[in-house]
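J.: Sending over a structure as structure tokens; questions will come in a sec.
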Amino acid sequence: MQNRNTFSWVKEPINRSISVLIIIYVITQTSISNAYPIFAQQGYENPREATGRIVCANCHLANKPVDIEVPQAVLPDTVFEAVVRIPYDSQLKQVLANGKKGGLNVGAVLILPEGFELAPPDRISPEMKEKIGNLSFQSYRPNKKNILVIGPVPGQKYREILFPILSPDPAAKKDAHFLKYPIYVGGNRGRGQIYPDGSKSNNTVYNATAAGTITKILRKEKGGYEISIADASDGRQVVDNIPPGPELLVSEGESIKLDQPLTSNPNVGGFGQGDAEIVLQDPLRVQGLLFFLASVTLAQIFLVLKKKQFEKVQLSEMNF
């Protein structure tokens with residue numbers, strides 16, 4: 001009986017420690033996985049500015065291509081594919097937050113017309129689900145279902161992202177109309193150069209904050225550098241901190257100018273945006289067009305038959 005009580009006394013703190021570790025793991029993993037889309041979602045009510053610029057370009061400074069493919073026209077209440085392509089060289093490696101090199105992630109924002117939204121799972125065909133893979137999409141805001149974000153996801157696997165989209169039905173939604181609509185897309189590969197608070201990441205070039213002579217370069221224990229500069233104007237010491245990742249371009253005793261690059265630019269990624277157009281087609285118009293084409297075809301057939309009949313009559317009269 002005494003042994004059993006002793007075991008219970010030992011078991012209780014072990015279980016408590018395991019629970020704490022699990023909670024810490026869940027919290028850290030959640031914050032890491034949600035960090036990238038939240039940057040834009042928390043800072044901007046709308047990802048597309050009045051100028052047409054998508055706000056992701058504020059953090060991803062390099063300009064890179066992106067492509068979108070959608071059908072020319074869709075019928076109401078129909079699920080269709082919007083394919084976003086984010087090309088880049090798969091051999092490239094980016095600087096990670098710890099200064100080491102790793103693969104590039106990709107992400108995208110898709111700005112659809114009002115009324116268009118992510119297709120519900122029960123409306124997506126098995127073939128489309130297979131193309132989508134394990135991707136998980138989310139709305140930019142709970143009240144903005146027409147704006148979708150995805151990422152970061154591994155670029156090696158998802159350089160082509162398929163969005164399953166449900167078109168609106170004007171018969172059910174009064175604000176939907178049979179018109180031609182624009183679709184906007186933004187896509188990035190790799191990490192950004194600036195954080196939303198304006199601070200630099202380690203995936204960008206670092207410049208001198210003063211002109212003068214480099215008196216000391218201290219290599220930090222956890223990586224990165226501390227560069228001391230004797231200001232040429234007043235002789236005071238200015239210290240520039242370089243995080244791990246960028247490669248140093250200067251040396252001790254070197255004279256430098258204000259804003260001169262102290263490091264290389266390690267960024268190999270970038271952001272791009274594009275647009276496309278889609279027509280929400282009225283089924284009655286399609287039926288009317290088909291009826292018109294059928295009528296024209298039948299009229300041409302009857303005209304040919306009538307002509308042949310007339311030629312036969314003329315031929316018989318000539319023979320008579």
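Including glycine, each Cβ sits where the backbone N, Cα and C put it.
The heme binding site annotation in Swiss-Prot covers Y36, C56, C59, H60 and rests on sequence analysis. Marked as signal peptide by Swiss-Prot: 1-35. Summarising the annotation, Swiss-Prot assigns transmembrane segment to 286-306 and lists sequence analysis as the type of evidence.
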J.: Would you say which of the binding-site residues C56, C59 has the most Cβ atoms within 10 Å of its own Cβ?
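T.: Max Cβ neighbours within 10 Å, all protein chains included: C56.
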J.: Far apart in sequence but close in space: which same-chain residues, 6 or more away, have a Cβ under 8 Å from H60 (heme binding site)?
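T.: Those within reach of H60 (heme binding site), by Cβ under 8 Å and sequence separation of 6 or more, are N188, G190, G192, Q193, G269, G270, F271.
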